[in-house]
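Colleague: Copied straight from TrEMBL:
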ACT_SITE  GLU112  active site, proton acceptor
SITE      TYR196  site 'Transition state stabilizer'
DOMAIN    344-656  domain 'ERAP1-like C-terminal'
REGION    688-732  region 'Disordered'
COMPBIAS  712-721  compositional bias 'Polar residues'
COMPBIAS  722-732  compositional bias 'Low complexity'
Amino acid sequence: MSSYLVAIYVGEFVPSNNNRSDSSTITVYTHQELSNQTEYVLNEAPKHLRVLEEYTGMSYTLPKMDLLAVPDLSFGAMENWGINNYQESYLLLSDESKTRMKMRSSIIVQHEFTHQWFGNLVTCKWWDYLWLNEGFAQYFQYFATGMVRTNWLMEELFVVEAFQGALTYDQKPRHPITTSVSASEEIKDLFDTISYNKAASVLRMLKNLMTENLFKLSLQRYLYNFNQNTVEPLDLFTSFDNVLYDYDYNIGNELDVVDFMSNWTLQSGYPVLNIMKNGNMFLVTQSQFYVNKTNGIINETAAWHIGLTYTTSASKNFRDAQPSVWTNKTSASTVIPAPRDIDWYIFNIQSIGFYRVNYDVDNWMALIKQLNDTPTDIHVLNRAQLIDDAFNLARSGQLDYSVALHLSKYLKNENNTTPWYSAMNGFAYLLERMPRSDKGYADFKSHVSSLAGNIYSKLENLASKDNTEYRVLSAWETFSKWACRLENKYCTKKAQEYFNKWQAGEKIPADIKDAAFCVGVKNSSGSLVFNNMFTLYRNTKSISEKSSAEFALGCSTNRTQLSEFINHILDGPEGPIKENDIKSVVSSISTTPLGLDVLYEFLSTNINKTLDQLSSGEEIVTYIYSTLASKITNNNEIEKIKNLKNNSTLKDSIKSSFEESYKKVDHNLAWFDSYSVGISQWSVQYGEKEKEEKEEKETSTSKPTTVAPAGSTISPVTGQQPSTTSKPSSATSNKYSSLVILQLTVLTVLIKTLI
């Protein structure tokens, strides 16, 4: 047994068992009073262990698998062989728990179970190769869970969480997937998005090159050959190449897996492809993608092996994601044939390649028109890709923000939540930085709030019909919180109604409690509602309900209440806030200017107390400062945290962390100076046009309307919208005219910029 993980637990825990007739016993250990909340995990865990046994072709080797619910654990979970330990929120669930918490429980359990093979049975030779453990665990936490729960559509969740999260994280200077470390702090820092999500994304890219079956056979051979041994990446790569040799299979471009994976794991960053169409040819150029070039040195010679996939308006073939051609290995540009008579084209089918794609303005405009006409003609993963790429290309100065924002307007017609998750992340970046301009922020927030109301109302309608679909209910929770935070009137009205019912003693769905509790606390006067919510937070045995109460307490508009809440983190082990919950408390308070001011007051007054009284005090202090640096916008606030970092009494490690975090302030100011005016102008113009369209629609309500064909439906949020074919209407022509006008405006802006 590999000895790099050792755990000993002593405490008053009671077991709850699920005896697997075919193999080992799975037991959940909890405190006595919580043992009635283990049924969900006990039902799900055997399925997640079994699917890995079937995929790897190797049985779990120990006679038992213990899952320990630890009351206060600084990390989420740990995969010790035969005794996996978790924060209580991952194991203790009931019928009253939020759907997202149930999904997250299954995903995290799957992650730790994967480590029984990738990490415990076969262990990385040194921390340089941590991704051999964590990359596979992250990959299978989505895709093995998808084998257990096919209706959760886990690949879509992977793309918006892991894949796009890794792209965003890696667009600043980071370490390669395989990187040399020696000191303990270096090793600790390696447990990051690169080792987890980027590694998993590159593995997904490799699987696509060699097919699911050959990928599985290669992993089976890898685990069999290195059973109870240590490995380095070359051992994995040669296992793949040996299987490909046996099956006479070539991944393309005269590459073997050693070449391909070495290129992606030893080189930091990732590329952006710029695509230009000229007649019957595509010109494809690649360069390293960064958002802040001043953060580090750009490698002008960096090049990646990229298998290109694309489709056009003529074929709309999003099924075939096998590369049809590769980028040139010796040049930054590649020329490939292109059909002549096409309206638009999309590269990176199903968002499998780990890179971004930029197009000329003509193609962006054509894609926007397609999305407004019939969005489902484009694969849902590519719709999410277009949004994520557009907002991040704009953030890096490679695309005008008006294009990304105009693209976002199509979301009014988007019934699938996957692109909405991408949009929510894109908007979040802007919403955190625009408050420096009161008028600009108000106009932009109004636009986003209006959009958020669209997806919220669709989900509210589905959820109100006693919908039991996990993806619908999980999205209902997410987007109700989002829309209500944006003060969408319909959302806040419905949330207040739910809260009133709850106050009257009626049961309300767990998935709406975050939004309902938040709006209830925010709209309350006096202290009664806040105090009752804090009592619920302190006393409830439901971890799901506790998290909803925690979220709501941060919604208070009363300075004294927020200050009392954050100061409870200094109450010690017997206090209401566990140490592993402090970051989520900070996060809940940090969503308003008042909350940020309260956090600053707490930090400036209690740095030494926090360091002395909390075992993770330094981590908490730097987390609060980093949160402030990310979100503050006015000059007075900036001056305050600048003075805080310059405090001569700070220990060197904290001062260094503060200095690093403060760079976010400079970057945010630079971004604001570059882009805020354009975003404000677009928001004003869009708001005026939307108002005109609304008035025109209201004027025409007395006119006869066309009844939809019998049997036509709007599909559930997680499904596909029915596709119809029709001739362009005059409305479509007008819409296209407005696109042409916008295109000319964008070109004018670009020309002025170049001049």
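The backbone N, Cα and C atoms fix where each Cβ goes, and this holds for glycine too.
Any TrEMBL annotation is an automated prediction that lacks curation.
Describe the structural context of these features.
Modeller: According to DSSP, GLU112 (active site, proton acceptor) sits within a helical segment.
There are 24 other Cβ atoms within 10 Å of the Cβ belonging to TYR196 (site 'Transition state stabilizer'). Secondary structure at TYR196 (site 'Transition state stabilizer'), as computed by DSSP, is helix.
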Colleague: Counting across all protein chains present, how many other Cβ atoms fall within 10 Å of the Cβ of GLU112 (active site, proton acceptor)?
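Modeller: The Cβ of GLU112 (active site, proton acceptor) has 23 Cβ neighbours within 10 Å.
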Colleague: Measuring Cα to Cα, how many Å separate TYR196 (site 'Transition state stabilizer') from GLU112 (active site, proton acceptor)?
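Modeller: Pair distance, Cα basis, whole Å: 13 Å.
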